[in-house]
């Protein structure tokens, strides 16, 4: 009997134990949520074997064989290392790096880290978009375009690759004109056209020469929405079309929005070809897909890679220069591809730049001198300036319309719960249509706009729903002046961003509004009219570094230790740029239905420089990426169009501060001078390895792991890298730096070297003059001494003036620590 009792007690106990184990397993599974990991393997990728993208093309069969071998090795490695069912391989990287991306758990990722043959395992940080008139602003029609035969030839024979959200192939900026056939056959380029939803075979029309999409990372990271996350190169977002048209859109395309023509748009290199590598989706974007896109762009043979997307911050557990993304760009550079990358939109904070490496050209953003002024005319005759991009109110601004403050138009018996931020005009259902019909409503910039829950699209929806004539968005004294960016309104509207002007409007309004004892408005006597806001004016100071543009100094790690590299490299237009758009506009409902958009960001400045680089490559086909990058930097200007030092927008609205190289790099890009710089400074792949090996306290094993190269020849200092600038982050006593110049001119030229030392330093140059024959080289020794310790970086410049009118500028950035 006892045994029976024992058995009957034992069975439930075993069940409890099993249940506990099962629940623990579930808990572990919950903790082990999958993420995307990027894995770098030992062994050569194709670029390491062939050294240049052009040789990969000429040895295509051998390349295919090696690529298949790498894919097979990745698959076999995963099968023998990770548990069955615990992972999904997303991409094999085989062209510029040997590695793969995998969707798996942290514990499985740790297994990968511990295995021989694995050099680096890094968690995917995700990526972010860095979100007409500029050819004239950059003096292209009379400058470099004229040298290349005008807009019908500018950029001919050059392929620009865009890793972004795809392209709208139906846009006129990307149309092929059979009456103007391309002259070059692009024998070194070999891309493919992958079709899919909204992207038929005819999309690759000669202007668009390749189109692919990369989605494995996106599909692993999120559930894609088939209504907008199209598995094709089609751009449902608009961002990719915008940047591609800035760099290489066709010339003379009419910009029509809301039935109004704002002029004609043209890409910087309108005859350059476009290769599309979609890796950004409206719902999600991953580094895994972006690196796969870069990998394939280099294999195809693009000349220039334009990146208006990228990580939104430094890596957490490795040096900024040694993360998978930047290492991919290093090997793209090794393969002969110039990489142009957005600085980021986290300004004006110090060290906010997110493009770190010296092998990329990092682009900051500036304003142009184009403005879209508008005006509000009050019934008392006062005229207030504002910002808008809409037509005038009915009567062309000469017919008066009732002016109504939003909170005075609330329904008296309303039961709507949407009472927060009524003054911001976001909810038409709370307003009395009898009061606001045909009126101009006054909306107030309050907490909703400040925290991002209220939008201009909300105001437009309210105006449309209730049949109003237009709107005014005034500043709120509680929040101060706000930043007003012009947007194309389908209804009359104006932004009044200054508190002082808002007070004048409200004072007039109260004087003409009759209220009862409870303070409720009963009669509205204030009148107003909105003026024309779609006509551009070309006045004022420019360029100015845009507030949002990310700033230097460059950093080595996420603890913000400063690097001896100048970032950003260059400044270009990136504020209020008209360019192509996708009517679906999945991420910007306000722009839905439009074929053009006016946007700001380093996303916009980057393709300007990519387009200029294409013009330079056309003019100088044998130039390497470092020669192009050098010429862009050394010919730039630190002065605006008024001849004054460039200024930068600060944190406070309407504040300008003296800009420094950490705002604009070497200066504002000058395309016409960049094509004929006189001298260039070159760095190759081996130099970049020497740079990495010379970083302070660097783990050389980490360099070997990331690059596969030994640290046999490190520089004495990181700033010994032959860049077109000198940045010393901590100078104690004195140091000597050398820069080597090559004459790329057609004739012998003599140069005189002068210097403006940074405050707190003394600089000696040797030699102070030299003569160079074509392709001749010259070393310039720069001896920098601290004469007075400083509290921060100070800046100076070396200027080499040639007797044939070439001027070469080398930016100096030095933090003098001690004598």
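For all residues, glycine too, the Cβ spot is worked out from N, Cα and C.
Positions annotated as active site, charge relay system by TrEMBL: 164, 239, 603. Residues or ranges marked as domain 'Inhibitor I9' in TrEMBL: 61-128. What TrEMBL lists as domain 'Peptidase S8/S53' is 155-639. TrEMBL lists 721-814 with the feature domain 'Subtilisin-like protease fibronectin type-III'.
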For the domain 'Inhibitor I9' (61-128), the number of residues DSSP places in helix, strand and coil: 30 helix, 20 strand, 18 coil
Residue pair residue 239 (active site, charge relay system), residue 603 (active site, charge relay system) - Cα distance, angstrom, rounded: 8
Separation of alpha carbons, residue 603 (active site, charge relay system) and residue 164 (active site, charge relay system) (Å): 10
Cβ neighbour count (within 10 Å, all chains shown) around residue 603 (active site, charge relay system): 30
Neighbour tally for residue 239 (active site, charge relay system), based on other Cβ positions within 10 Å of its Cβ: 30
Helix, strand and coil totals (DSSP H, G, I; E, B; other) for the domain 'Subtilisin-like protease fibronectin type-III' (721-814): 0 helix, 63 strand, 31 coil
Integer average pLDDT (0 to 100) for the domain 'Subtilisin-like protease fibronectin type-III' (721-814): 97
Packing count at residue 164 (active site, charge relay system) (other Cβ atoms within 10 Å of its Cβ): 29
